[in-house]
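Written out below as structure tokens is the structure these notes cover.
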Amino acid sequence: MKIRHWSALSLFVLPALAQAEALTGEVHRQPLNIQAIVMFLLFVGGTLYITYWASKRTRSRQDYYTAGGRITGFQNGLAIAGDYMSAASFLGISALVYASGYDGLIYSIGFLIGWPIILFLIAERLRNLGRYTFADVASYRLQQRPIRTLSACGSLVVVALYLIAQMVGAGKLIQLLFGLNYHVAVVLVGILMVLYVLFGGMLATTWVQIIKAVMLLSGATFMAIMVMKSVNFNFNTLFSEAVKVHPKGLSIMSPGGLVSDPISALSLGLALMFGTAGLPHILMRFFTVSDAKEARKSVFYATGFIGYFYILTFIIGFGAILLVGPNQTFKDAAGALLGGNNMAAVHLANAVGGSFFLGFISAVAFATILAVVAGLTLAGASAVSHDLYASVIKKGKANERDELRVSKITVIILGIVAIGLGILFENQNIAFMVGLAFSIAASCNFPIIIISMYWDKLTTRGAMIGGWLGLSTAVILMILGPTIWVTILGHEKPIYPYEYPALFSMIAAFVGTWFFSITDNSETGKQERLLFKSQFVRSQTGLGASKGGAH
């Protein structure tokens, strides 16, 4: 019974722990892989050409932020999948399956938990009410300046933390796969992400994400097919043979006790489940399609692609047990896997496709990072230029040219900051950074979006107090928790005993928003409640919503 209890809880512990598997600990530098370098250069050359092509078609603010709303639902679904599937999760989940078997499947399923929330509760209404950023939705019937300031701050904190995790992950992965120096790798990723976003905007970012998704799905599909071919496409054979060669034997086919602390597990689970629906770079993608119908299609396709991908990682993990585990070519003198368990999928690529396919998978891992950081950079730049500069500082009176200039300056600044933080945080725990980013998205962005769309009694006062309460509670509890208070600051015991704060910070955000809204008897508050009806009609019908260009 206890095992079932822990396995149910571990269902919620999603990408962060899997990423920890992939990218924490000592990195074993690999020899220079010429095929990987060539394929990576081909990818970079191709995507830079796409950026040049996109720059010729990016003339207005709408083009820059949303690709003119001309992306189809299918294309956007692929791009969202490309934005969401990280290299760390690919290597991490494969490594987890390789080491623990069935437990890896729990993590794979966990990645999908947040997507039904976006599909059923958010996608259509977000597209009907917003134009460029989710702050357009949150501030639809509330006071523009305070709500946009809150939304932009929430976005920038999430983007900064997620960028740190991606840049550190980029450096470690490239050092691992290509044999390049960590600092060189971080600078290279920073320069490329700035080029994509600065010149190509959302159009270039979208196509980089689509190409990356196709490459990753194709590579993973080929690996899974080759694994299944080796067992005559029989799952019983795959699992029974894996049990025979794995050191843990039959226990890899049953759930284990991966989670030791139920409160931390539940807290991280809530963060990753609801945080997905508060990630600015994911939400921004819904404005790239023409209408709410295409937005709904986007999530439908994205969920399918992401779910399919994580099924493949499970097969890849078991394939690694079968084809990599017993093969001494992939082991060091001590009998451990070269590069650690996180290299299981990469070694499997070598086992099923030789050095050429190994080079392809290595290049795909790099492409994956570039796609994610490009999306994050654009989301951060739009929060500064559209929400802070145009709406707060200029009070909605900024012209397009000035707003775009501010956005592009922000892209350059974000690139420099990302490189600096990537180098500064080289030895920090990536899982912790990702968990914090999701915790803040779930504690600040998600409550404001969902309540503003569904609750007619929300007022600016309630949204502001609840949002800032959620944001500050998440940050304060994280600082007082074991990772920062003990590991980084060197105190003996943490004041807040759990790893992640979302269980408490989300409650603080929702309760604060509810209480300070229902006790708001001001004239402004009454007017904001009356405006809900017209907002509801537009959110359901799309009447008056901005339309994208023709496909």
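Cβ atoms here come from the backbone N, Cα and C positions, even for glycine.
What Swiss-Prot records for 5-25 (among others) is transmembrane segment.
Summarising the annotation, Swiss-Prot assigns transmembrane segment to 34-54 (among others). Through the fold, the transmembrane segment (34-54) approaches residues 177-178, 192, 195-196, 199-201, 203-204, 207-208, 211, 215, 355-356, 358-360, 362-363, 366-367, 370 of its own chain, all at least 6 residues removed from its boundaries and within a Cβ separation under 8 Å.
Under the heading transmembrane segment, Swiss-Prot lists 77-97 (among others).
Taken from Swiss-Prot, the feature transmembrane segment covers 104-124 (among others), and the record attributes it to sequence analysis.
Residues or ranges marked as transmembrane segment by Swiss-Prot on the basis of sequence analysis: 184-204 (among others).
The feature transmembrane segment is assigned by Swiss-Prot to 263-283 (among others), with sequence analysis given as support. Long-range contacts of the transmembrane segment (263-283) within the same chain: residues 9-17, 80, 83-84, 110, 113-115, 117-118, 121-122, 126, 133-134, 154-155, 158-159, 162, 375-376, 378-380, 383, 435, 437-446, 449-450, 498-504, 506, each at least 6 residues beyond the stretch ends and with a Cβ under 8 Å from a Cβ of the stretch.
Taken from Swiss-Prot, the feature transmembrane segment applies to 304-324 (among others). Within its own chain, the transmembrane segment (304-324) has Cβ neighbours under 8 Å at 77-78, 81, 84-85, 89-90, 93-98, 101, 104-105, 108-109, 111-112, 115, 213, 216-217, 220-221, 223-224, 226-228, 230-231, 238-239, 241-242, 245-246, 252, 330, 337, 344-345, 347-348, 351-352, counting only residues six or more beyond its boundaries.
As annotated by Swiss-Prot, transmembrane segment applies to 356-376 (among others).
Residues of the same chain lying 6 or more positions beyond the ends of the transmembrane segment (406-426) and with a Cβ under 8 Å from any Cβ of it are 64-65, 159-160, 163-164, 167-168, 170-171, 182-183, 186-187, 189-191, 193-194, 197-198, 373, 377-378, 380-382, 384-386, 389-390, 433. Per Swiss-Prot, the feature transmembrane segment maps to 406-426 (among others).
The transmembrane segment annotation in Swiss-Prot covers 430-450 (among others).
Taken from Swiss-Prot, the feature transmembrane segment covers 469-489 (among others), and the record attributes it to sequence analysis. Cβ atoms under 8 Å from those of the transmembrane segment (469-489) belong to residues 150, 153-154, 157, 429, 432, 436, 439-440, 443-444, 447, 495-502, 504-506, 508-510, 512 of the same chain, restricted to positions at least 6 beyond its ends.
The transmembrane segment feature in Swiss-Prot is assigned to 498-518 (among others); the stated evidence is sequence analysis.
Within the same chain, residues 44, 47-48, 50-55, 57-58, 63-68, 167-168, 170-171, 173-175, 178, 284, 288, 369-370, 373-374, 377-378, 381, 408, 411-412, 414-416, 418-419, 422-423 sit at least 6 positions outside the transmembrane segment (184-204) and bring their C-beta atoms closer than 8 Å to a C-beta of that stretch.
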